[in-house]
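Trainee: Sharing a structure, written as structure tokens. Questions coming.
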Ligand code: F6P
């Protein structure tokens, strides 16, 4: 069998570990051949390919990014996208596709499967917001990077008696903010799930200053003030209709400084959370996803996504997995609230 592999959406530490596991097991156990598609759905849409075999995956386990490249290309941005992909795969002699991606890439995979494409999905996102899987690889790495940053920011904030606002990634879900904020001992954590009250945030900050410590506020890029609008970098949308987020950290630092009269600084962690080497946890999870994805292809179990449930890897229908994103439940947020102020 000849299997195509693509990685779509924002890159994520562990993508290369998935590719390596797919190729190593597929070659050794099932005698498969592989073809790499470049830059997500752009690859099969435009016949942009690269050789993919054991030789190409040597040494990539600890490397961040993706050797296949990635993009946010939406195959349904044009009417004939689905047909073009099916025609190109037939022309290249590709019998099956493994799509590694987040809600957008796998949403497109679900639609292509409903139109007859033999595809299996692997969930990836540092945001950990994909339904049907307990965790996605990349999340642990992002949380560790953000936690280390928060640890470092505590000491400099305290030396200067100022507030530091740390903006982390998280478009619709505050998982990175919640976990790094809890692990790093943040005094306030703000997530997209719950519009925040600026007066209340300032009260927590004053309370922290009264105890002779400096406040650290962790804010997800998609968090929204109850009294204002979402803060975005530009109005331009990507091909899946998402606006580019970012800027809430600076907005918050300015507002806090104005209201409390005490200096506040913003630090935006941005793509540092996504770049570089994956943690051991993410390498193992990504490897297990890759091994099980190639099993699903061998079983011709099309339209399925591999997922983590407890410590087991299971298969769930792509359509179900991409139906809605996994947000932070109110009870999980309440656990963190005990430490606010
Ligand atoms: O992959 C999701 C994500 O990490 C979001 O949290 C963030 O909004 C987005 O990627 C930013 O990605 P890019 O800068 O590549 O558009």
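Cβ atoms are placed via backbone N, Cα and C, with glycine included.
Feature list, courtesy of TrEMBL:
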DOMAIN    2-297  domain 'Phosphofructokinase'
SITE      104  site 'Important for catalytic activity and substrate specificity'
SITE      124  site 'Important for catalytic activity'
BINDING   125, 126, 127, 162, 169, 170, 171, 221, 265, 271, 272, 273, 274  substrate binding site
ACT_SITE  127  active site, proton acceptor
Trainee: Do you know which of the recorded positions 124, 171, 265, 274 has the most other C-beta atoms within 10 angstroms of its C-beta?
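Mentor: That would be 124, with the highest Cβ count within 10 Å.
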Trainee: May I ask which residues of the same chain, at least 6 positions away in sequence, place their Cβ under 8 angstroms from the Cβ of residue 125 (substrate binding site)?
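Mentor: Non-local contacts for residue 125 (substrate binding site): 9, 10, 12, 102, 103, 136, 138, 139.
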Trainee: Over the domain 'Phosphofructokinase' (2-297), what is the model's average pLDDT?
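Mentor: Reported value for the domain 'Phosphofructokinase' (2-297) is a mean pLDDT of 95.
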Trainee: Restricting to the same chain and to sequence separations of six or more, state which residues have a Cβ under 8 Å from that of residue 169 (substrate binding site).
Mentor: 126, 127, 142, 176, 220, 221, 269, 270, 273, 274
Trainee: Counting across all protein chains shown, how many other Cβ atoms sit within 10 Å of the Cβ of residue 127 (substrate binding site)?
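Mentor: Other Cβ atoms within 10 Å of residue 127 (substrate binding site): 29.
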Trainee: For residue 104 (site 'Important for catalytic activity and substrate specificity'), just count the other CB atoms lying within 10 A of its CB, please.
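Mentor: For residue 104 (site 'Important for catalytic activity and substrate specificity'), the count of other Cβ atoms within 10 Å is 23.
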Trainee: Is any of 104, 124, 127, 171 (recorded positions) within Cβ reach of ligand 1, i.e. under 6 A, and which?
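Mentor: Only 127, 171 meet the Cβ criterion.
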Trainee: Need one number for the substrate-binding residues 125, 126, 127, 162, 169, 170, 171, 221, 265, 271, 272, 273, 274: the maximum pairwise CA distance in Å, whole number please.
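Mentor: The span, Cα to Cα at its widest, is 33 Å.
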Trainee: Show which residues of the chain containing residue 272 (substrate binding site), separated from it by at least 6 in sequence, have their CB under 8 Å from its CB.
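Mentor: Non-local contacts for residue 272 (substrate binding site): 145, 149.
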Trainee: From the Cα of residue 124 (site 'Important for catalytic activity') across to the Cα of residue 104 (site 'Important for catalytic activity and substrate specificity'), what is the distance in angstrom?
Mentor: 11
Trainee: Using DSSP with the three-state reduction, classify residue 125 (substrate binding site) as helix, strand or coil.
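Mentor: SS state of residue 125 (substrate binding site) = coil.
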Trainee: For residue 171 (substrate binding site) and residue 124 (site 'Important for catalytic activity'), determine the Cα separation and express it in whole Å.
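Mentor: That separation, Cα to Cα, works out to 15 Å.
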Trainee: Does DSSP put residue 104 (site 'Important for catalytic activity and substrate specificity') in a helix, in a strand, or in coil?
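Mentor: In the DSSP reduction, residue 104 (site 'Important for catalytic activity and substrate specificity') maps to helix.
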